[in-house]
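Down below is the structure, laid out as C-alpha cells.
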Amino acid sequence: MLQVYLVRHGETQWNAERRIQGQSDSPLTAKGEQQAMQVGERARTLGITHIVSSDLGRTRRTAEIIAQACGCDITFDARLRELDMGVLEKRHIDTLTEEEENWRRQLVNGTVDGRIPDGESMQELSDRVNAALASCLELPQGSRPLLVSHGIALGCLVSTILGLPAWAERRLRLRNCSISRVDYQESLWLAPGWVVETAGDVSHLDAPALDELQR
C-alpha cells in the first residue's frame, strides 16, 4: 500500500497580513521557517523517500527545510501550485469591494464554473492536483513520498478523494505546516483507490498555526 504525506507550506508574510496569495508569492515568516523545521523532524521518522513540491517560493523553501532533515531530493511540480486567484491576488481580504467579494464567494462556495477574473475554477484545480497525486503511483515499489503544496490545493485534493466536490475544501482546516496522509489501497474488501488516513495533523507544531486567511 502506497502512503503519501501531504504538507501545507509554512506561514508566510501574506498569511499573517491576511492577503490573498494564490499563485503570487511571499516569503516564509520566522514562524513559518520554524514550522517547516518541525515538519522536518516529524518527516525524519516517517521513512520519506521522495519530496515533491509546488514550484512556488513558499513551498520551495518549506520543501528545502524538510529535505535537509530527511535527506531526500526534491522534485518540483507546477501541478501542485495553489489555486490561481486571478485579479484578487496580493489583495488584503478586508479591502475587497462587494463585487470582488462576490467573485470570491462564488468560487469557494461551489457556483458552477465560478472563477475570479483571470483565475481558474475549482474543477481545473482538482484536475491538476489529482493528476500530480496519481503520478506517485509511478514511483518505485516501497516509495513513501511527501508532497508540499498549499491550503486550497490540498483541501481540494482531500475533498475529492472523499467523494466530495472540490469546493468542499472550505470545510477542511489545513493549517500552515499541517500534515495529512492518503493511502492507495488495492483490496477485495475495502474501497479500492485513494483513501484519507489523516487530515490536518498539527501535533508536531509547538504553537498555533493559521488557517487560510485566519488570525
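Here the Cβ of each residue, glycine as well, is placed from N, Cα and C on the backbone.
Swiss-Prot has this to say about the protein:
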BINDING   8-15, 21-22, Arg58, Arg60, 82-85, 104-105, 151-152  substrate binding site
ACT_SITE  His9  active site, tele-phosphohistidine intermediate
ACT_SITE  Glu82  active site, proton donor/acceptor
SITE      His150  site 'Transition state stabilizer'
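Each of the recorded positions Arg8, His9, His150 was scored by the other Cβ atoms within 10 Å of its Cβ; the lowest score goes to His150.
Glu82 (substrate binding site) sits 5 Å from His150 (site 'Transition state stabilizer'), taking the CA atoms of both as reference points. Using Cα positions, the member of the binding-site residues Arg8, Glu11, Trp14, Gly22, Met85 nearest to His150 (site 'Transition state stabilizer') is identified as Arg8. Following the DSSP three-state reduction, the secondary structure of His150 (site 'Transition state stabilizer') is coil.
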